[in-house]
Amino acid sequence: MVPSCEGGPAVKETLLQAVELDLSRPWHRLRFSHAVETRFEADTSVQRGRHLVIAGIMALVIYDLYIINDYAFRPEAVHIAAWIRFGLMTPLALAVFYCIRRGLPSLLREAAMAATIVVAMLLSNVIFFLSKSPYSFLDTFSFGLILLVGNIVLSLRFAFAVGSSLFCALIVATFVVTYEPMPTEVKINTLVVFTSSALFTLVANFRLEASERQSYLLLLREQLRNQAARKDNQVLAKISITDPLTGVANRRHFDTMLEQRWDEAIAERTMLGMLVIDIDYFKHYNDHYGHLKGDACLRQVAQEIQNHIRQEDDLVVRYGGEEFVVLLPNASASSAMRAAQRIRQGIEALAIPQAGPGVITVSVGAAAVQPSETMDPTILLSIADEALFQAKRAGRNRSVLAPLQDGPLPA
Ligand SMILES: Nc1nc2c(ncn2[C@@H]2O[C@H](COP(=O)(O)OP(=O)(O)OP(=O)(O)O)[C@@H](O)[C@H]2O)c(=O)[nH]1
């Protein structure tokens, strides 16, 4: 029985609270709160159905084998016993098992199984009652076995175990008391033995269900807690690599990814491209509109850069202040330059008004190299940065491709 953990975080949160509450419920309360009970049923119903059917078939086989018993000490009634066992009890029980196997709602499933126990008890009483054999009543002592099957082997849910035990007691009492050939002392003894069997098996039944439910609660709580912890870890991991203002990657993540992409490029013998993007005259914008508007502008620019890259492969990073870096795996110098132009034009097209005349623009330094073991990955950043410097010097709002292009760099 493994609890499943479906549903969103909020659902899991409330479920966890409900589980905690259920764990502190009074010892005599077996049922859980509604949400947990529903989950318990969903998680256990298939396995429980299977258990009921397998244990039920075993019990039925033994019930039918009692025909040997009938033959041994009430041979004159063996036909009627056979008819009751094979003609009535067996088809009825098989029909119930079939329905359970197909899937019944929990209450119906338990009720059907409890009713099968009551019918087995009724028919066993009918068999001994109809026989004229002087020893026929002897098997009333074994009726406790039927309780054993219902309350322990099948482990009927406690309420149903109590119900079926009461019905069985009523049936046994009725048949035993009205059965003439049985001496009174034996009747008393039969009823005492039966009642004690009922009580003992009910105590065992309660403990079985209580411990099954307790184990389920503990397991479910463990799973929900683990999931919550995993979720928290994922959130923390994401926070640790994200720039809080713009939502793109931060510099720490860039350092890791640059190394990683560099090694991949060496292994796969591919080019690695990079863009360094800097907003032009951002100080003017900030001074004119204030820091909050400046922040909003940075967010817009970051989003626009994101719009022009390959979402799965490329990485946008806020490198610092108003400077962004884009890492472009498997990109030649010309494709890095095309990406630079798309981004630069896209940002200009946003038409964010600058402090003076015109709109917010960016300058871009683009570079691409073929990485090798003898080179340091930071060289790529240096040459892209140098290209950015050229773009700024040449008047801004432009992209400049670093002179070292598709060929390998000197060590
Ligand atoms: N609003 C805001 N401004 C920032 C942030 N980080 C850096 N800045 C501002 O970005 C501006 C950068 O200015 P400079 O480095 O002088 O560069 P510039 O004015 O863009 O000039 P050029 O780069 O030469 O075109 C400064 O005014 C910083 O205060 C930030 O997180 N939010």
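Cβ atoms here come from the backbone N, Cα and C positions, even for glycine.
Heads up, TrEMBL stuff is auto-annotated, nobody curated it.
The feature transmembrane segment is assigned by TrEMBL to 49-68 (among others). When Cβ-Cβ distances below 8 Å are used as the criterion, the transmembrane segment (49-68) is approached by residues 78, 81-82, 85-86, 89-90, 93-94, 96-97, 100-101, 103-104, 109, 113, 116, 120, 139, 149, 153-155 of the same chain, each at least six residues removed from its ends.
Among the features that TrEMBL reports, transmembrane segment is placed at 80-100 (among others). Listed by sequence, the residues of this chain that lie at least six past the ends of the transmembrane segment (80-100) yet keep a Cβ under 8 A from its Cβ atoms are 49, 52-53, 56-57, 60, 63-64, 66-67, 70, 74, 109, 112-113, 115-116, 119-120, 123, 126-127, 130-131.
Same-chain residues lying 6+ beyond the ends of the transmembrane segment (112-130) with a Cβ under 8 Å from its Cβ atoms: 52, 56, 63, 70, 74, 77, 80-81, 84-85, 88-89, 92-93, 96, 99-100, 104, 136-137, 139-140, 143, 146-147, 149-150, 154, 156, 160-161, 163-164, 167-168, 171-172, 174-175, 179. Annotated transmembrane segment per TrEMBL: 112-130 (among others), in sequence order.
Annotation comment: TrEMBL describes 136-154 (among others) as transmembrane segment.
Packing against the transmembrane segment (159-179) from elsewhere in the chain are residues 110-111, 113-115, 117-118, 121-122, 125-126, 128-129, 137, 140, 143, 146-147, 150-151, 187, 190-191, 194-195, 198, 201-202, 205: each is 6 or more residues past its ends and has a CB under 8 Å from a CB in it. The feature transmembrane segment is assigned by TrEMBL to 159-179 (among others).
Look at TrEMBL and you will find 270-404 tagged as domain 'GGDEF'.
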Average model confidence [pLDDT] within the domain 'GGDEF' (270-404): 96
Residues from the same chain, set at least six apart from the ends of the transmembrane segment (136-154), whose C-beta lies under 8 A from its own: 51-52, 55-56, 58-59, 66, 69, 73-74, 77, 113-114, 117, 120-121, 124-125, 128-129, 161, 164-165, 168, 172, 175-176, 179, 181-182, 186, 190, 193-194, 197-198, 201-202, 204-205, 208
